[in-house]
Amino acid sequence: ISLTLRKLQKQICQVVLDHFEKQYTAELGDAWSSVRDVLTSPWCWQHALLLNRFSPSPGLESSLAEQGYHPAFPAALPYLPAAFRCYSRTAPGRFPAQKHQPGRLKGYYLLNAASLLPVLALEVRDGEDVLDLCAAPGGKSVAILQCACPGHFHCNEYDDMRSRWLEQTIESFIPDPLVNLITVSKLDGRQIGDLQPEFYDKVLVDAPCSNDRSWLFSADPQQAVLRLMQRKELSSLQFQLLRSAVKALRPGGSLVYSTCTLSRAENSDVIKLLLSSCSNVMPVDISGMARAVSQEFAFLSGTQQHELLVLPEKGRAWGPMYVAKLKKVSST
């Protein structure tokens with residue numbers, strides 16, 4: 001084992017860790033040291049399985065139960081569609097992945113359970129027009145379709161390579177008749193609001209962000225330094241994507257913003273800026289959802305009612321995941 005541990009230990013990018021150490025000690029205080037322990041120890045990471053309602057696997061649920069998996073989201077959640085089934089367990093380790101086979105749907109999607117919180121916060125209903133603004137690799141798009149059948153579903157991904165990944169994910173999980181309801185585009189997300197003003201009931205902005213988990217294992221130190229320098233520009237991109245999302249929303253429609261970073265500049269600060277600059281947007285309380293899942297997830301305390309931040313800890317190694325919910329109240 002010690003060799004494997006040494007190998008994993010070696011891959012941690014010191015430049016990134018030093019940077020995080022400074023920033024997150026300041027922002028998270030005492031919580032940072034236990035978060036750091038999880039983020040730098042991939043052998044304690046957990047994976048959840050989101051079952052695909054379009055491709056039931058007989059016996060999968062009972063076999064998961066035998067292996068110590070349990071439903072990850074309690075029935076007491078304010079919004080939990082019956083078809084939405086996700087399993088997790090406290091033991092680390094990964095369930096075997098399924099290979100992509102053209103013409104065959106996969107039975108489950110492996111993911112970080114926290115990445116489903118933005119989808120549950122969005123509360124999509126049948127027949128609604130939905131936009132997933134930064135959709136690749138497609139896990140949240142697939143999860144939205146486990147919840148409801150939108151009237152129109154627009155999955156957008158600006159990056160060319162990631163867009164192909166998104167198309168393959170949709171092809172692997174969603175059957176043909178439904179695929180026809182889905183538009184996959186490669187637009188600049190900052191322009192969609194002007195191209196399709198007030199077109200959607202629900203918008204998910206799972207924004208490009210400094211992905212704390214993967215950045216810590218940047219193999220190339222130069223690339224890591226570059227990333228850290230460009231990190232300051234991310235919040236401005238995130239704000240522009242949010243502005244675009246607000247324009248694309250119908251009055252009365254709601255928006256969920258999410259990232260997989262702990263960084264305050266990319267989370268609360270971006271949402272504060274949006275709320276102060278858009279008078280037609282109101283925060284939506286999601287503390288009920290956070291309370292309902294508090295057994296499964298650890299949250300940073302002291303956040304506002306319209307936001308939550310999942311902090312990874314041992315045995316609940318989910319996140320980081322920031323989620324905020326807003327509602328558009330009028331056209332202006």
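Just so you know, the numbers here start at 1 and follow the chain as drawn.
A Cβ is built for glycine as well, from the same backbone N, Cα and C atoms used for every other residue.
Note that TrEMBL annotation is computational and uncurated.
According to TrEMBL, the features are:
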| type | residues | note |
| --- | --- | --- |
| ACT_SITE | C260 | active site, nucleophile |
| BINDING | C134, A135, A136, P137, G138, G139, K140, E157, D188, D206 | S-adenosyl-L-methionine binding site |
| DOMAIN | 35-329 | domain 'SAM-dependent MTase RsmB/NOP-type' |
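Overlay of TrEMBL feature records on the structure.
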| residue | record | contacts (Cβ under 8 Å, 6+ apart) |
| --- | --- | --- |
| C134 | S-adenosyl-L-methionine binding site | N156, E157, Y158, G189, V205, D206, A207, P208, L241 |
| A136 | S-adenosyl-L-methionine binding site | E157, D159, R162, S163, W165, L166, T169 |
| G138 | S-adenosyl-L-methionine binding site | C155, W165, L166, Q168, T169, I170, F173 |
| K140 | S-adenosyl-L-methionine binding site | S115, L116, P118, V119, D132, L204, D206 |
| D188 | S-adenosyl-L-methionine binding site | Y158 |
| C260 | active site, nucleophile | N112, S115, C209, N211, D212, R213, G319, P320, M321, Y322 |
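Predicted-model confidence for the domain 'SAM-dependent MTase RsmB/NOP-type' (35-329) is 95, expressed as mean pLDDT.
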